[in-house]
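**Q** Next up is a structure, given as structure tokens.
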């Protein structure tokens, strides 16, 4: 039923299982219900829309609470932390559901052009796997976060100092259009419904970020392999066959370079909306979580731990993505330097014979490649911002500015009340 990529040795990170569980993984062409009337495919699509609906409904409950408590800056900022994360991943879920064909084509293109098998006789695949460890750390932090949101209210119920049967806690601050406290059945069903919506939000966040990082990491790996091929461009060709061999090698290098650039553009095109929403919301989220940690009064110790994990996971998620985007920029621009250093200028020093001299035709092609390679390959958020460490520092700077402003407003209000 699920789309099976052409290259059988391709294995995605374990986090991607959650995209299948949340209904976001593309199905095969033959599994489409309007073509083969597959009951499993139909059930899967219905499940996918149920997940989206449950997240949307939970966000509406949180928004109702937010609007009802706008006058309290502490409650507002606390609620914004979960509401904004929900909105971000609600957008992600809808984007993945509405762009299944693009997602399928992206996976297919990756399997043919970018994937580096683990059995490859080079250390590039091992380096790519090593770089993916950072996404496991990010996943662990986010998993701890949602577990704390779902478990801490239960700890409060069973081990808290005082239990109010009419004001039982939920994973997040919400207002319902019905009385969720009227009976234990209603409470339990509402708790399970909203908790699972939160699980879908967090798992979609780390699963989609992981697959984006997976694509970028192996694209960087392909640039590394390309650099190795460029370094050996003029090795082992005799004088009679020099030009023909060099031209053939250069042709394959150009084709591979174009394929890598083409995949990076498809990757950017697919993840554009998600990255834009992520970068816009991240600065606000980091600001508000930091504000909660600094200004929280009479807060349960578990809530402090929860917010510390929250800000750690938000920072790690943003840093890992920006660092991978920065690595792609560096690897792509390094191509020009590798081309320049590949001994293409040998024809002016034929007497040295330390390597096969190049013809003017080959030099012209290499010069053109150097010119093209000076333009970095990068992933942007609709061209508004580039995924790079520079963007990461800019977002942190913006978050600190928001935090300073919010803190000033809060303490000014405190002084007026005193």
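For all residues, glycine too, the Cβ spot is worked out from N, Cα and C.
OK, Swiss-Prot features for this one:
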type	residues	note
TOPO_DOM	1-38	topological domain 'Cytoplasmic'
TRANSMEM	39-59	transmembrane segment
TOPO_DOM	60-70	topological domain 'Extracellular'
CARBOHYD	69	N-linked glycosylation site
TRANSMEM	71-91	transmembrane segment
TOPO_DOM	92-140	topological domain 'Cytoplasmic'
TRANSMEM	141-161	transmembrane segment
TOPO_DOM	162-195	topological domain 'Extracellular'
TRANSMEM	196-216	transmembrane segment
TOPO_DOM	217-273	topological domain 'Cytoplasmic'
TRANSMEM	274-294	transmembrane segment
TOPO_DOM	295-299	topological domain 'Extracellular'
TRANSMEM	300-320	transmembrane segment
TOPO_DOM	321-385	topological domain 'Cytoplasmic'
TRANSMEM	386-406	transmembrane segment
TOPO_DOM	407-418	topological domain 'Extracellular'
**Q** For the transmembrane segment (274-294), which stretch among 71-91, 141-161, 196-216 has the most Cβ pairs under 8 A?
**A** 71-91
**Q** Helix, strand or coil by DSSP: which one applies to residue 69 (N-linked glycosylation site)?
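**A** The three-state answer is coil.
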**Q** Residue list, the transmembrane segment (196-216) vs rest of chain: Cβ under 8 Å, 6 or more residues beyond ends.
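**A** Apart from its flanks, the transmembrane segment (196-216) reaches 12-13, 15-19, 21-22, 24, 51, 54-55, 57-58, 82, 85-86, 88-90, 92-93, 96, 106, 110, 114, 132, 134-135, 138-139, 142-143, 145-146, 149-150, 171-172, 263, 267, 271, 274, 317, 320-321, 324-325, 327-328, 379.
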**Q** For the topological domain 'Extracellular' (60-70), give me same-chain residues lying six or more residues beyond its boundaries with a C-beta closer than 8 angstroms to one of its C-beta atoms, as numbers and ranges.
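**A** Cβ under 8 Å, 6 or more out: 76, 79-80, 82-83, 86, 172-176, 194.
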**Q** By Cβ distance under 8 Å, which residues at least 6 away from the ends of the topological domain 'Extracellular' (162-195) in the same chain are close to it?
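**A** That would be 54, 58, 61-62, 64-66, 68-69, 75, 78-79, 82, 149-150, 153, 156.
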**Q** Looking only at the topological domain 'Cytoplasmic' (92-140), how are its residues distributed among DSSP helix, strand and coil?
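**A** Taking each residue of the topological domain 'Cytoplasmic' (92-140) in turn, the totals are 37 helix, 0 strand, 12 coil.
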